[in-house]
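So the structure is just underneath, and the comments pick up after that.
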Amino acid sequence: MANTREFPLEKTRNIGIMAHIDAGKTTTTERILYYTGKIHKIGETHDGASQMDWMEQEQERGITITSAATTAEWKGHRINIIDTPGHVDFTVEVERSLRVLDGAVAVLDGQAGVEPQTETVWRQASDFDVPRIVFVNKMDKLGADFDFSVNSIHERLQANALALQMAIGAEDEFEGVVDLVEMKAYVYDKDDLGSSWDTVEIPADMKEEAEKRHEAMIESVADVDDEIMEKYLEGEEITKDELKAAIRRATLKLDLFPVFAGSAFKDKGVQMLMDAVVDYLPSPLDVKPYNATDPDTDEAIQLRADDDAPFAALAFKVATDPFVGRLTYIRVYSGTLEAGSYVLNSTKDKRERVGRLLQMHSNHRQEIPEVFSGDIAGAIGLKNTTTGDSLTDPDHPLHLESMDFPDPVIQVAVEPKTKADQDKMNTALQKLSEEDPTFKAETNPETGETLISGMGELHLDIIIDRMKREFKVEANIGAPQVAYREAFTKSTSVQGKFVRQSGGKGQYGDVWIEFTPNERGKGYEFEDAIVGGVVPREFIPSVDQGLQEAMANGVLAGYPLVDVKAKLYDGSYHDVDSSEAAFKVAASLALRNAVKSAGPVILEPIMKVDILVPEEYMGDIMGQVTARRGKVDGMEARGNAQMIHSYVPLSEMFGYATTLRSASQGRGTFTMTFDHYEPTPKSVQADIIKKNGGTPVED
């Protein structure tokens with residue numbers, strides 16, 4: 001029997017809550033869940049008792065690491081909320097969430113305004129065309145300033161922020177807000193956790209300013225909306241409903257970003273924020289169709305939210321759940337899916353059975369019989385599905401746009417403390433890498449060491465912590481290693497010839513390959529330019545494979561060789577002795593022979609480092625950047641502090657948090673994200689080669 005949809009599509013909202021670390025994002029989500037009736041007791045991040053942060057390390061560190069998906073209800077709407085981490089090491093979690101959201105709430109700290117990590121998540125949201133509203137939080141905090149925060153959106157994000165409210169008071173005088181659309185004031189009751197307020201006339205001393213801002217707001221809307229512009233120019237009255245509808249249209253087109261004020265911790269402004277989510281953020285019907293391709297014809301297909309269409313969903317997160325084991329979060333783009341039915345994982349071309357479907361409430365779950373288009377839910381029973389896989393109706397296979405994940409930039413060796421821990425560690429690493437595509441675990445074939453790599457020191461700390469807590473694995477950790485790469489800088493043509501005659505069947509493979517440097521980031525490209533069968537067809541894939549295997553261990557110091565074009569253009573073969581294996585070896589010999597003439601270099605990851613310090617420490621900090629082979633890319637004033645933008649090699653950034661803390665007496669902060677790879681200076685390259693026992697190259 002078919003189940004019926006509880007909430008129509010137009011009354012569904014899939015939203016993310018994004019922010020800089022410490023802007024109060026998790027507390028805001030908590031309050032939303034509290035007021036929508038999902039939580040009976042409020043947990044403070046300060047006490048480590050928050051509903052959304054359900055992993056132990058998140059509660060200890062007071063930061064959100066994994067995006068828990070939670071369902072809430074507000075004024076007849078279903079709101080699926082994805083809580084996203086605000087720490088730079090977890091930007092992949094943010095991207096992963098943005099892929100499946102329709103709209104987002106950006107939370108700012110009312111004292112700091114737009115901070116470096118806000119810029120990162122804002123840029124990511126813009127890449128995915130996600131409409132946003134902004135909540136200026138912590139208005140009760142010392143130094144909070146609503147107008148400063150709104151201006152920081154214009155200046156630092158170049159975004160058209162539209163304040164729909166004015167704050168009544170600030171810091172410990174923050175009493176409520178003026179609604180510039182309704183032209184009313186909401187003043188909070190001091191005694192009952194802010195869950196009740198009085199709707200009153202705008203305070204006399206704010207009336208004139210409120211009217212001025214109301215006018216300015218209508219002008220801003222008219223600038224981006226023709227209907228309002230027409231009425232405005234004709235001098236006709238614009239009703240509140242018309243104004244709201246126009247703000248919604250402009251928000252969905254990313255022409256405007258409505259801004260609201262409040263203090264989640266003091267329970268002020270959260271209900272108005274919820275109203276804004278319903279009024280201004282998109283339903284699955286409002287967003288542009290989702291791109292997919294037909295795996296047989298490569299024809300582009302556009303998916304719309306429609307329950308009658310064939311089922312198509314994206315697995316956007318795999319988690320090991322303490323209660324139900326392996327849990328796959330899915331976003332349904334079209335069609336419906338009943339628990340117990342089969343789906344096709346079209347990415348891996350495997351049929352899978354969905355055992356149970358769960359609606360997630362941060363740490364408690366409700367079993368549901370069916371999911372519909374536009375829904376976000378958890379599925380149990382998908383054994384082969386990993387993050388970014390497409391799940392479709394077995395009779396209508398589709399490939400949804402897959403996710404791109406950055407390569408890890410930092411690596412450490414881990415070894416189990418006891419033999420008994422070895423198997424447990426392998427299981428733990430396998431599960432953790434299934435959950436997180438930017439975390440990789442591998443064994444060094446030469447040393448037998450287990451190496452884990454990730455996006456930063458905090459990222460790996462948390463992985464190691466989870467091994468200990470969730471999988472009870474005790475491990476020793478080595479010093480962090482940088483994920484260097486190798487590349488060619490010159491074009492060269494070389495021969496690789498492998499001949500072995502030792503009685504019986506011999507081995508014979510002979511190739512001529514032209515190697516050319518590829519654009520940075522373009523990776524490896526292989527071209528078959530063989531004419532006249534000088535290398536038989538069946539051996540050409542072996543040449544390609546042989547090159548890729550040899551490139552994995554580089555030519556200078558054992559790091560992967562990247563960004564190279566290889567053109568196989570000549571060679572020879574032996575009727576009896578040639579084999580796939582012989583041509584694989586010949587290809588790897590060609591790569592080795594290219595070292596002398598292709599100008600190989602070692603590339604190192606360069607990080608974008610933004611350092612915020614009080615002015616009096618500026619000179620010292622800039623000296624530190626230069627001493628670490630960094631380049632200062634500019635500075636800007638932030639209140640009485642300075643933001644230094646710089647690019648620094650990752651190898652020079654280990655332990656920098658401690659250095660900065662002592663150099664600025666604990667007042668400096670920095671964020672660091674991977675930016676690009678570039679060649680190391682000659683002296684550094686020589687050191688790396690020596691340390692790794694590699695082969696120095698003669699100039």
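Every residue gets a Cβ built from N, Cα and C, even glycine.
In three-state terms derived from DSSP, Thr84 (GTP binding site) belongs to neither a helical nor a strand segment and is classed as coil. Feature annotation from Swiss-Prot assigns GTP binding site to 19-26, 83-87, 137-140; the stated evidence is sequence analysis.
What Swiss-Prot records for 10-285 is domain 'tr-type G'.
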**Item:** Other CB atoms, at most 10 A from the CB of Ala19 (GTP binding site)
**Value:** 29
**Asked** Looking at the binding-site residues Thr84, Met139, which one has the fewest other Cβ atoms within 10 Å of its own Cβ?
**Response** Thr84
